[in-house]
Structure formats: structure tokens, C-alpha cells
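Notes follow the structure.
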Amino acid sequence: MSKFTVINHPLIQHKLRILRDKNTSTKDFRDLVNEIAMLMAYEVSRDMQLEDVEIDTPVAHATVKQLTGKKVAVVPILRAGLGMVDGVVKLIPAARIGHIGMYRDEKTLEPHEYFIKLPEDIEKREVIVVDPMLATGGSAKDAIAALKKRGAKYIKLMVLVAAPEGVKAVQAADPDVDIYAAALDDHLNQNGYIVPGLGDAGDRLFGTK
């Protein structure tokens with residue numbers, strides 16, 4: 001079974017409260033998604049490997065740490081996932097960025113893939129899939145399946161708000177993929193929206209419906 005982590009840092013929870021508010025403007029919503037993603041990336045990257053290296057400081061010779069191991073790819077699920085990319089890349093500037101285009105049929109709630117572009121060496125990279133919402137889990141499962149089909153082996157899923165139904169669905173389909181969220185909400189309503197949630201993240205990010 002994969003690990004599911006809710007990141008309860010006070011700054012994240014405070015910003016998430018503003019994000020949920022229906023009166024928050026498009027600009028503020030966009031800024032907050034970016035800020036929360038950057039803060040979450042600290043926890044998501046906690047297990048990155050380090051190695052010892054020798055350097056000279058202005059004062060003395062020293063043994064210090066630097067990152068080693070796998071390179072990173074950040075893969076947003078379009079379109080709402082785009083809002084989280086800059087925050088992660090600010091923290092991990094060497095990361096490559098892929099894209100997976102998914103849309104959800106509003107009647108069946110089933111996801112459909114319409115675009116995918118990934119780094120050529122995706123099989124060697126640690127992939128962080130980003131999407132603000134984990135609702136039914138359909139889009140996340142399909143995105144992960146598309147990544148695995150193209151060789152990705154090391155995948156994490158980072159979302160802002162998750163529903164229990166979506167977490168269970170992803171864990172059942174992909175027990176090797178760890179999930180990180182800023183909040184675990186109560187349930188999905190009859191329209192497939194997370195309750196209490198934050199509405200349609202894509203619409204609120206881009207100011208379009």
C-alpha cells in the first residue's frame with residue numbers, strides 16, 4: 001500500500017483556508033496555489049538522496065552535502081495542474097517539466113487523455129505528478145498509467161485537496177505511488193466535486209469556465 005501524507009504545516013493550512021473561500025480573487029487564488037505547491041514540495045522532496053563532497057569555504061576546508069541520485073520531472077495534469085508547476089520548480093529549478101492533458105466527462109466522470117509530452121529520460125527520473133484536486137481518482141490513475149506505459153518507475157502524486165474516494169482508488173490501482181495532500185476532505189457529492197473542497201480549481205485559476 002502506498003503512503004498517504006497530509007502536510008499539516010501551519011502556513012499551508014492558513015493559505016488553504018484563503019484558497020477555499022469563494023470570494024478569493026483569481027489572482028490571489030493563482031498566487032496561493034503556487035505558494036502552497038512550493039511549501040508542499042519541501043515535504044515531497046524530503047527523501048531525496050545526499051552525498052558528501054569536499055569544498056573550501058572562505059574560512060576552512062569542509063565536508064558538506066549535495067543532492068545525488070535521480071533527477072526530477074514535474075508533470076502537471078492539464079489544465080489545473082499548471083498552477084502548481086512554478087512553485088515546485090522554484091524549489092527544484094533543475095527539474096524537467098512534462099505535460100499530460102486529461103479532461104473529465106461531466107456525465108460519466110471518466111477521464112480522457114488528449115495530450116502528453118514527457119522528458120525523453122522519464123524512466124530515470126523521479127516524477128512528481130501535480131494536480132490541485134484528487135476527486136474520483138480517475139484522472140490521476142490514467143495519468144500514472146500513461147507515465148508507466150512510457151517507462152516511468154518512480155512516481156509521486158501531489159495534490160492540494162483530496163477526497164477519501166480518490167485516495168483509495170489511486171492506492172488500489174498504484175500501490176507503489178505515494179500521495180501527498182494539503183488536506184483530506186470529507187466526501188464527493190453527486191456531481192463528483194470534493195466537499196467542502198474549493199470548487200473547480202481550473203476555472204478559479206484561469207478565470208474561465
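Think of each number as a place in line: the chain as shown, counted from 1.
Using N, Cα and C of the backbone, Cβ positions are placed for all residues, glycine too.
Every protein chain shown contributes to the tally, and the Cβ of SER139 (5-phospho-alpha-D-ribose 1-diphosphate binding site) ends up with 27 other Cβ atoms within 10 Å. The 5-phospho-alpha-D-ribose 1-diphosphate binding site feature in Swiss-Prot is assigned to ARG79, ARG104, ASP131, PRO132, MET133, LEU134, ALA135, THR136, GLY137, GLY138, SER139, ASP200.
Swiss-Prot lists ILE194, GLY199, ASP200, ALA201 with the feature uracil binding site. ILE194 (uracil binding site): 28 other CB atoms within 10 A of its CB, across all protein chains. Taken residue by residue with DSSP, ILE194 (uracil binding site) is part of a strand.
The Cβ centroid of ILE194, GLY199, ASP200, ALA201 marks the uracil site; residues of that chain outside this set whose Cβ lies within 8 Å of it are PRO132, MET133, VAL161, TYR193, GLY197, LEU198, GLY202, ASP203, ARG204, given in sequence order.
In the structure as shown, the Cβ atom of GLY199 (uracil binding site) sits within 10 Å of 16 other Cβ atoms. A coil conformation is recorded for ARG79 (5-phospho-alpha-D-ribose 1-diphosphate binding site) in the three-state DSSP classification, outside any helix or strand. In space, ALA135 is the closest of the binding-site residues MET133, ALA135, GLY137, SER139 to ILE194 (uracil binding site), judged by Cα positions.
Looking at ASP131, ASP200, the binding-site residues in this record, the fewest other C-beta atoms within 10 angstroms of the C-beta turn up around ASP200.
Close to ALA201 (uracil binding site), meaning Cα to Cα within 10 A, are the following binding-site residues out of ARG79, ASP131, MET133, SER139: ARG79, ASP131, MET133.
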